[in-house]
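Asker: Handing you this structure, nothing more for now.
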Amino acid sequence: MISHHLLTLLVFLPSLGALLILAVRKSDALARLVALGFAVAELVLSGYFFTLDTVHTLYPAPAGFFQYENVHWIDFFGIRYTLGMDGISLLMVALTAFITVIGVGVSWQGIKERVPLHFALLLLMESGILGVFLALDLFLFYLFWEVMLIPMFFLIGIWGHGRRIYSAVKFFLYTFLGSLLMLVAIITIFLMHGAQSGTYSFALVDLIGTKVPYDVGLWLFAAFLLAFAIKFPLFPLHTWLPDAHTDAPTAGSVILASLLLKTGAYGLVRFGYPLFPDAARAFTPLIYAAAVFGISYGAWIAFAQKDMKRLVAYSSVSHMGFVALGIAAWSPIALSGAILQMVNHGVTTGALFALVGMLDERTHSREIDTYGGVWGKVPALSFFFLLFCMASAGLPGLNNFVGEFLVLIGTFKVAPLPAGFAFLGMVLTLVYTVRLVQEILFGKERKPLVMHDLSLREGGILAVLAVGAVYLGVSPSPLLELVKGPVALLVGVK
Amino acid sequence: METIAIPAINLAPIMPEIILSCIAMLLLLVNVFVPSESKGYLGVLSLVGLVATAASVVSGWGQPVAAFGGAVQLDNFAVFFKLIFICSAALAILISDKYVVREEINHGELYPLILFATVGMMLMACGMDLMVIFLGLEVLSISLYVLAGFNRGSLKSNEAGLKYFLLGAFSTGFLLYGMALTYGATGSTKIGNIAGFVATNPQVATNSLFVVGMLLIAVGFSFKTAAAPFHMWTPDVYEGAPTPITAFMSAGPKAAAFAAFIRVMIVAFPTLKHDWTDLLWILAVLTMTVGNIIALSQDNIKRMLAYSSIAHAGYALVGFTACNPEGVAGILFYMLSYTFMNIGAFAVIVLIGKKGEANGNVQDFAGLGQKRPLLAAILCVFLFSLAGIPPTAGFVGKFYLFSAAIKSGYIWLAIIGVLNSAASVYYYLRVMVYMYFKPSEEDFDWVGMTPAIAVCLLLCVATTLVLGVVPGTVLELAQKAVQF
Amino acid sequence: MESIFFLIVAAVAVLSSILVVTCKNPINSALSLVMTFFCLATLYVTLDAPFMAVTQVMVYAGAIMVLIVFVIMLLNIRVEAVKRGSHAVFAGGAIGLFLLFQTVWFLGRGTLSGATGTMDRAQVVKVGHIELIGKALFTDFLLPFEITSILLLAAIVGAVILAKRKI
């Protein structure tokens, strides 16, 4: 019985954990343990899915999906509760489960007020994100898409720093506005499909076959693109991101950068392109331009930042540009690269935010000016800092290199010009990363800093992330193998 | 001398009204003998009366019966709306017991007046005769004028009562004038006969009396639904009236106005459909936008909810503009959801408030999330629902309304609608910002839950979530209720 | 002949109702209102509705106005001290004129015809006005007639609540 509803279990297990935490909210220590327990259980569960490679489901699944659930929900609107997992979803799910464990880890001690609520929100967040990665019914997808905002709003607003309230509200409104227009587009295509086929359905597999007039399709795709581009974030819709990332608590920043941004990219891959292939083709030059400009612009602005967290935030804009580039190219190699890059960026940026959080906990400053000569004081921390900076800069042998390289190759075949510009952007990435490493780790000590090196907990978190980064860099082929099938199906659609 | 032959009388369709009126009169009598500290029992009695009325209403489902020569008709449409009114009255009574004691307005007449108002609303929903609708509206309005000014010691409440009375009388004038002109043009006040006359004499659509009559009726109902630009009375009245009454007014009477508005427009003026949907388009856009934009800058939470209720009337008007079965069913569903989510929010306001309507500003909610986590979480559910964020009833309602608009080809209206809901999120979030993100200055130790309010909150939260997650059954009922 | 009579009475009605709102002395306002009611009663007579005319005089001009005048005397309301002639009057007048223009323009656009019912002068003369009203009240408008009782009850309860010194 339960084996047919594994996906449901996967999505709602964290919510269950959140409820349990609220039940034991009198004890902070217990809340932490419950959170960690559920996060790890979720990670194990998501790992279990790697062992299921054949179709293993009660319900007839569309091609490529090896886990599928499809039950009645609101028949009145033709809404069904449809969850499905293919290779792409599986990667994203695994990333989500992994990063949530990291998120619980980094906020183990940093959060001192309202501890149970914090961990409950982290787990709720996980449920929402997993729902987004697994939903195959547009209504259900939209529901998770919105629900996921709520915990993040509270995470930023309650435990954030600086202008936390401004950032939280800005984050919420920005993303909410974009997704509402997507809702209109969803309803429109739902009605068009219903009028054409006579059956009203929100299922992705049904809606893909809808014949959309070209000009209408442009508008609908634009609405989807707006929602996804805000999450992505594509230049010039990124302005919420630096604020939200900077003011969020460490776990919030990690999840925001590693997971929330991916939902935008995932949505574009899963829904945007397949639903409106013609319109997507028409918009491709625009996405290229936004991607390439975002890569260079993000890197350029990152170079000028004084606040480390802001710097990493802008570097996300830059890195996500590569993902956009790979999606826009829509060739098997580029798309695989983009999906891989989503995972890579999740690991690297998550690690960088965690590191910045650790430095912040020690010195209560995120200003680059405060630091200098850190290498001599805390060698272990510095080692990881260097490692992840290098990974972020795309050093061969580490994870980002593979993703970005694949994206560039794939794009170069289809569109040499954007690929060329993106390559220039990569060079800029190197510039700001080297500056960061140079000033913080090796520069002259500007102020006397009293720091202790990594604790066992912090070391463990970073080591796990480092293993991930190295593994993804050295042998990405199993993952590429995993997404190969789904990517071929997707690209074949076009 | 000719004798008057009184036609056969079938009381079944107006049984709910009869039961409720009798209960109200009984309450008036009993009230004399009840000492002032136990007036709460009158509330219990009126709840019993409402339940009995609801049972009698439900029995009318599925078998439309007309009576009094077609002056009233108890059909699914009326049943659905009557249940909304009964819910709003019951919830308002549940939250008043604490409030009236605190504000020292513990007079037993509160309950009969609420019941009389409910009788008026029910007549509006089942009235098929312009006179019945008008008199129902008057019974409702007279009761509400008094209820708005019920707190005699408070200047604001007095102002609310007087303002509501003056503007209400003004709008009644419009409505009555419109009905008179329509009667002049068609020779009947029964909307069934009007529809028949229009069908056999299509040239009446060019008759100025008829057109102006329709316009004036629309204006009159727009006043009652608080649609912009006829919304001016709403904020002051909602702010000044006693909080449970505000909750009641924002839910039941608004729905009642929609019930009568929809029935009159769709049944009596089908030939002018293009004219009045154009009119409603403009009204809907204005109402949503004005309500939301002004709500953005409100500090007083009752006032904010007043403006937000204007905006919500605007969303309902979107469905009305669409003028297809989906749109009307959407309004039915939305009004039901709105009743629960809005009265739920008001219940929390009643709890937080202090004597003399103090503590009604959004700043006074600072720190509620820490000091009263459960209460804050409950308010969050209502606010998210009002903002239209899934998985709540408000989201499903808006989803239905906007789908109906898109289906009728009003895609721009739907876009303006969603942009408005995006704007509205800001002021709902603002309350949450204060509840969770600002440090508390108070202990909230005066916030004492009473059984009645607990029941009300429980009902409201449960309904808001259930209608958000598994709305199927109610949606089907709403769809079946679209018959005139 | 009849239309000239109508015009004269209508003009007086309009003028006196303007006086109701412009008079500074409340007693004068009240008396102007009585005048308006009388004009309306006259119009009812020309419409073959003698019962309406009598009721109008008895209820409005008689009972209600006496009450109003009584209250004015009792409260000793003085000549109104509010300053007039500000923009409010100007704006109100402008809006009123605009509405008047709009109404006239609208009414002029389409046809203007009422539906003719079964009640005509011959019928009124034959059966009698009071009888016709009575019959309508107890047949067609039986339910509205009954609802009125609820309405009045609610209004009385409301009046007691709002006005009684101690409840």
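Cβ atoms here come from the backbone N, Cα and C positions, even for glycine.
TrEMBL: automatically predicted annotations, no manual curation.
From TrEMBL, here are the annotated features:
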TRANSMEM  A:6-23  transmembrane segment
TRANSMEM  A:30-50  transmembrane segment
TRANSMEM  A:88-108  transmembrane segment
TRANSMEM  A:115-136  transmembrane segment
DOMAIN    A:135-425  domain 'NADH:quinone oxidoreductase/Mrp antiporter transmembrane'
TRANSMEM  A:142-159  transmembrane segment
TRANSMEM  A:216-234  transmembrane segment
TRANSMEM  A:254-273  transmembrane segment
TRANSMEM  A:311-333  transmembrane segment
TRANSMEM  A:339-359  transmembrane segment
TRANSMEM  A:380-402  transmembrane segment
TRANSMEM  A:414-434  transmembrane segment
TRANSMEM  A:454-474  transmembrane segment
Asker: Rank A:88-108, A:216-234, A:311-333, A:380-402, A:454-474 by Cβ pairs under 8 Å to the transmembrane segment (A:339-359) and hand me the top one.
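Answerer: Selected stretch: A:380-402, with the most Cβ pairs under 8 Å.
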Asker: If we skip the immediate neighbours and take only residues 6+ beyond the ends of the transmembrane segment (A:216-234), which ones have a Cβ under 8 Å from one of its Cβ atoms?
Answerer: 145, 174-175, 177-179, 181-182, 184-185, 188-189, 192, 240-241, 260-261, 263-265, 267-268, 271-272, 275-276, 278-280, 282-283, 287, 290-291, 294, 317, 320-321, 323-324
Asker: For the transmembrane segment (A:6-23) and the transmembrane segment (A:115-136), does the number of C-beta pairs under 8 Å, pairs 6 or more apart in sequence, reach 3 or more?
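Answerer: In this chain the transmembrane segment (A:6-23) contacts the transmembrane segment (A:115-136) - 3 or more Cβ pairs sit under 8 Å.
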Asker: Using a Cβ distance cut-off of under 8 Å, indicate which of A:254-273, A:380-402, A:414-434 has the most pairs with the transmembrane segment (A:311-333).
Answerer: A:414-434
Asker: Under a criterion of three or more Cβ pairs within a distance under 8 Å and sequence separation of at least 6, are the transmembrane segment (A:380-402) and the transmembrane segment (A:454-474) in contact?
Answerer: yes
Asker: By a Cβ-Cβ criterion of under 8 Å, what residues six or more beyond either terminus of the transmembrane segment (A:454-474) are in contact with it?
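Answerer: Tertiary neighbours of the transmembrane segment (A:454-474) are 98, 102, 105-106, 108-109, 340, 343-344, 347-348, 350-351, 354-355, 358, 378, 380-381, 384, 387-388, 391, 396-402.
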Asker: Any residues 6+ beyond the ends of the transmembrane segment (A:414-434) with a Cβ under 8 Å from its own?
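Answerer: Beyond its ends, the transmembrane segment (A:414-434) has Cβ neighbours at 288-289, 291-292, 295-296, 299-300, 302-303, 311, 315, 318-319, 321-322, 325, 328-331, 334, 389-390, 392-394, 404, 407-408.
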